[in-house]
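Trainee: Taken from TrEMBL, the feature active site covers SER890, LYS933. Marked as ATP binding site by TrEMBL: GLY509, PRO510, PRO511, GLY512, VAL513, GLY514, LYS515, THR516. Annotation source TrEMBL lists domain 'Lon N-terminal' at 145-354. As annotated by TrEMBL, domain 'Lon proteolytic' applies to 800-984. Taken from TrEMBL, the feature region 'Disordered' applies to 109-137, 741-766.
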Amino acid sequence: MKGFDSNLRLQASSSPEFSNGFLPKRQNFINLNLRNCYHRSFSPTMLKLFTSSASRVHHLTPAIRVGSTSPVESPLFKALSQLTGWNRRSASLGQRAFFCSEPTDGEAAAEAEAKAVESDSEGSDSKSSSAIVPTSPRPEDCLTVLALPVPHRPLFPGFYMPIYVKDPKVLAALQESRRRQAPYAGAFLLKDDPSADSSSTTDAEKNINELKGKELLNRLHEVGTLAQISSIQGDQVILVGHRRLRITEMVSEEPLTVKVDHLKDNPFDMDDDVIKATSFEVISTLRDVLKTSSLWRDHVQTYTQHIGDFTYPRLADFGAAICGANRHQAQEVLEELDVHKRLRLTLELMKKEMEISKIQETIAKAIEEKISGEQRRYLLNEQLKAIKKELGVETDDKSALSAKFRERIEPNKEKIPAHVLQVIEEELTKLQLLEASSSEFNVTRNYLDWLTILPWGNFSDENFDVVRAQKILDEDHYGLSDVKERILEFIAVGRLRGTSQGKIICLSGPPGVGKTSIGRSIARALNRKFFRFSVGGLADVAEIKGHRRTYVGAMPGKMVQCLKSVGTSNPLVLIDEIDKLGKGHAGDPASALLELLDPEQNANFLDHYLDVTIDLSKVLFVCTANVIDMIPNPLLDRMEVISIAGYITDEKVHIARDYLEKTALGDCGVKPEQVEVSDAALLSLIENYCREAGVRNLQKQIEKIYRKIALKLVRAGAVAEEPAVASDPEEAEIVAEVGVVSPENHTDKENPVSSDSSLEESNEEAQTEKMAFEKVMIDESNLADYVGKPVFHAEKLYEQTPVGVVMGLAWTSMGGSTLYIETTVVEDGEGKGGLNITGQLGDVMKESAQIAHTVARKIMLEKEPENQFFANSKLHLHVPAGATPKDGPSAGCTMITSLLSLATKKPVRKDLAMTGEVTLTGRILPIGGVKEKTIAARRSEIKTIIFPEANRRDFDELAENVKEGLEVHFVDDYGKIFELAFGYDKQED
């Protein structure tokens, strides 16, 4: 820098201990010799921006230099004083000072003073100062150097860097250079290896050690740093940067030796305002960063003690070296020879570092505030507890908990079983011995909470009034006589015995018949608490039996939760969807239910969490299922099954009128006087839209009707109440602003009486119009406007079934239905007899078709021996609809009748339907679903039904309204069916 004639001599003792590329604090002994500091150096304003570091200054013997002019007032002296933390003015000129970051003992101080005197005498004639130990030859004479790869960041002049040399030849060459008094080498940053994984540091170091010769040269950046070898200890080499180098050519490959050119900074004008302003900003940024980071202050101290004159180029190198820039950005600063551009690059890097420091400070402050706040709150809570305890206002947590648990069990202590009471006392004693902060304390507390909150020995007062129970059941449900009769029996037995025992009842039937809702009505009739939980898809045994207390977040099973929820030991528990139990890796819930639903075992039900037995013998269990075939047999054996068949049309009409309509009116906000649904419309709704066995879909359709009626009423009321407005919003706005009125309106304004009378007339008209919309009639003609087109059509496809077609009766999970068996001839010819079957039939139904074919041939041979129809005809049997899977044995007699109708070329009797399984000898076996099949026949307007003789008892148990108008024949041999199906001519005669 122009005007900088100060000669700053710094000598640092070398040491093998380094940290982050700098000498350790205990080794930083500096001998400063300041001479001839002129005013054309850094201005005082610029240098005052630096923040002083926390270094200590030891003043030793004064050494006043002759000819020096006011060194105390020198700007450089002030800059160094501020950078190194020396803020006190010297009492004499040219005072010698030693800078160190930590105090040293007396021997170290004396040795440092002796070295300072020696270096001062040797360097009095030198023209420039240096922090590096003088060597021979000079650095500028080194034109051929060993090339050392630097893996992470480039080495800047004035900075220390430890590297590890694994190659013994390179290490030997470095040691030889030191012995020859030429301890210099070139430090060059490695380029990125595109083929290597950047995330693996160990692999990258291995690759560096394997590079040799030209391969290593190609991986090195051309511009590096001439480094003095400060020390070698093992494979660690300490380098001190001197000046910039550029590789020109390779001299030898192993070890890699290259020729270099020494690079100098491009000439620049020290008085240039742009450079000054940039340097000022760098120093200002450095000052701001020094306030937040003590590490940066250590960097400043070490650098100023070992680099010498603090010029613009060195300021740029210093900033780039200590900031956290990546290797490529640091190398860009090292390669830049234009001082102004180098300062700008450094300034950008330091600004980024400043932002990072601010973010770090914000994060640290937030965490510190959070931690201090929590600690303060904890201390205050502890003090509050101690104060309350001293005053007797509150006891500690353990005493309070124990008192709470004892208060729970005290009223019912006599009812609690002895073994449970013993466990509670043991756990309370254990709670007093545990620390409140331990995990075992929380486990014990939760365990006691569950043990003491259960209703040991508490029972609700049951209702033994049969008449009252019958009334409650009839209020909530229509029909379901079997279920109601069983509940009344349960109440009657309890009244005679004086107490009731728990039972396990299973209600099976199609969806929507009221299985779940009847459970709540039963609980109300018995005056018991109600609890429901669904086991559909349940695959974990712990949901029923509870978790072991050793697990984190363990909880009791559903039955213990039920008892806690209802507060009594004799609730009604509805276990829904028991036929849909799952099975997974956590066990088989169906097997776990065996203990729960067994009257002989549930008196001592053991939950894994409580680990004490519970008496569930007073609990009434009601299970629901759609198909009992899906329930495991051991579990089904423990339950009393009551089948709930679907509702016939008459029952659905009563349910809709008495229950569904009232509920829909309340839900939709429609008054009964505002709507009327005719019987014909309701019957059409049931027959054409809601044929399923239950009434859930019927409820949806009725709600849909009332929602549309509500919308219609609201729209009608809104049209009558809203005032007339202009159709165009802009026109309405203009009329409002300008006040343009029609002649009629003008007349009304002039005559207020006329206006009021017209307003009353319009209100009367609106009220009349509103009254006209209040009554909405729903009949068969406009039903489609509310619920859409009919979903179902008549199941009776033929008024008179053609030859080869017979109607059968089937049972489905949705109730009963009718289906046709169709048979036709495919091909005639001698010996071509056979049977082809379609219609997505199951294995059982396919076997029934083969049996039917055999039995039909046998009967035909008996009736018409000369008829060779089955022997010479290839037949095709089909069961519509093809997309619906079908299976079961009850279609056997229907298939035989269809085949015989085709063979005799005679249609079966009109309005005939049949069902029954047939053996090879022609015997008719019983079937299931008699009520559902009877309902399906009535829906299809069938008058004559054929049932197996073994199902006579099932049919006799049906309600009279179901059997009314039906001609039912019970058969035990197919011969009777043949007479009923084809002997109608004889019957008419």
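Placed from the backbone N, Cα and C atoms, the Cβ positions cover glycine too.
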Trainee: Cβ within 8 Å of the ATP site centroid (GLY509, PRO510, PRO511, GLY512, VAL513, GLY514, LYS515, THR516 excluded): which residues?
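Mentor: Near the ATP site, the remaining chain residues are THR624, ASN626, ILE644, ALA693, GLY694, ARG696.
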Trainee: Judged by the number of other CB atoms within 10 angstroms, which among GLY509, PRO510, PRO511, GLY512, GLY514 is the least packed of the binding-site residues?
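Mentor: If we count Cβ atoms within 10 Å for the binding-site residues GLY509, PRO510, PRO511, GLY512, GLY514, the smallest count is at PRO511.
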Trainee: Return the residues near VAL513 (ATP binding site) by Cβ distance under 8 Å, restricted to its own chain and a separation of at least 6 in sequence.
Mentor: LEU480, ILE644, ALA645, GLY646, TYR647, ALA693, GLY694, VAL695
Trainee: Return only the integer: C-alpha distance in Å from SER890 (active site) to GLY509 (ATP binding site).
Mentor: 19
Trainee: Report, in whole Å, the straight Cα-to-Cα distance of LYS933 (active site) from THR516 (ATP binding site).
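Mentor: Cα of THR516 (ATP binding site) to Cα of LYS933 (active site) measures 24 Å after rounding.
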Trainee: Which one of the recorded positions (THR516, SER890) has its C-beta surrounded by the most other C-beta atoms within 10 angstroms?
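Mentor: Buried the deepest by this measure is SER890.
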Trainee: Can you give me the Cα-Cα distance between LYS933 (active site) and GLY509 (ATP binding site) in Å, rounded to a whole number?
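Mentor: With the alpha carbons as reference points, the distance is 14 Å.
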Trainee: As a test of the contact definition, list every same-chain residue at least 6 positions from LYS515 (ATP binding site) whose Cβ is closer than 8 Å to its Cβ.
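Mentor: Once residues fewer than 6 apart are set aside, LYS515 (ATP binding site) is near LEU507, SER508, GLY509, THR624, ILE644.
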Trainee: Average pLDDT across the domain 'Lon N-terminal' (145-354)?
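Mentor: Averaged over the domain 'Lon N-terminal' (145-354), per-residue pLDDT gives 78.
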